[in-house]
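> For reference, Swiss-Prot lists these features for the protein:
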type    : residues                    : note
BINDING : 31, 32, 51, 60, 71, 77, 123 : FAD binding site
SITE    : 344                         : site 'Transition state stabilizer'
């Protein structure tokens, strides 16, 4: 195996070509990739990172649409690296995209990350050579990079999805996908704005547009069962009070299902009286954030009656905020549209109140579907509505889209699209049979979409780094997932998924938002602590489930 050493700054300047073979090439400069870069470099690996964007931050580099912000409270939406949290102060409890960029730039300065990153480097293809046991990675406008191992940290939102609507190319106004928003911003003041989609970005954009746009029309297929954010501005004194509590909060992240510092209640909703249930639900509601979703009764995502209790409480709270009963029925129907919590809820600040404004209209596309787009606007069965700006808040080809968008080829000439055509198969959510020496973080069949991003970045990052150290210490130059092991991993996920209420919601969690995509759990839904335990079980047995060769 090639000796692993650290390259100098002169050898790997920012945006310079990589002129030597690497031990590890990292793809993606979000929380996960940067964490691995920092620690692998400290451990003496010859490592470099490439990213398609012009700056670090991953999703927070690309997402700068109006209202874009974190849906996790700032205390745990950060690295647990002491030199960062001890010095950085947050301005809001739920930071917006601009604050997140400030945080990443602060981390870059403190940890000296950019010297080992090539920006504006979008990976197009990669081919594995069995003879050299190396990947050759190609991107437009750059020299090929050779690396013993590649770790792709592409996130679950790397591949935006825009619906195929007839006539979009004829529209004379502006149109954008929220994930590809112009970095210079877009002025919505005084404009007629259409927002297609009511996922998290749709909710956030709608709130902001309603403040000063002339007219806002929200096209909704499924209502977002959003929760109150309870935003708060933070002073220097607030930050000072928070800091002593952070180490314990970081420690709790690895012990809670979704990598937060709170977890489900060890009580069943069906076993409590109505008064007891209401008291608990009221407390969760008033706490704000995701507690109503992820600190609720332990049975509500598995038992339909328990789920009804949770939904009905939410419904009644929301309907009280909406003046028009017909609009209330579309936004918070008397009968739940799907099990509550089976789709990721957005956190909102004044979303439901905007529909009481004269300049905001809600269109249910189940009743009046979008037929086409014209040069002036959008046509439904009720006629044409004219717009100056169309916003596609239509989400992503989530979780797998980042990997399938790159033409990774093994020495049988297969791509991820080929081997996953009948469903995802991975071992521990980090590798797929047929692709030796290619690992991925925050990817398919990992906690990813069910986990706080920084928690996943650190815990899974540590597990991958321990794996890399094992390979180095034992002179192993080739690792590949075993087919039998990944079948067992996939069955574990499928069995749990099918025992829950999640399959009853058409969601990106199972790929049902993308036409033609196989419907299956894209993530590991058994929780972060179980994931860590399963990974460690493999490690204790010399990484059982992988084929290793010197």
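For all residues, glycine too, the Cβ spot is worked out from N, Cα and C.
Walk me through where these features lie, including what they touch and how far apart they are.
Cβ neighbours of residue 123 (FAD binding site) (same chain, under 8 Å, six or more residues apart in sequence): 27, 50, 52, 137, 138, 139, 406.
For residue 344 (site 'Transition state stabilizer'), the same-chain residues that are 6 or more apart in sequence and have a Cβ closer than 8 Å to its Cβ are 200, 449, 507, 509.
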> Helix, strand or coil by DSSP: which one applies to residue 77 (FAD binding site)?
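Residue 77 (FAD binding site) sits in coil per DSSP, no helix or strand.
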> When DSSP is mapped onto helix/strand/coil, what comes out for residue 123 (FAD binding site)?
strand
> If you pair up every Cα among 31, 32, 51, 60, 71, 77, 123, the residues annotated as binding FAD, what's the maximum separation in angstrom, rounded to an integer?
29
> For residue 77 (FAD binding site), what is the tally of other C-beta atoms lying within 10 angstroms of its C-beta?
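There are 21 of them.
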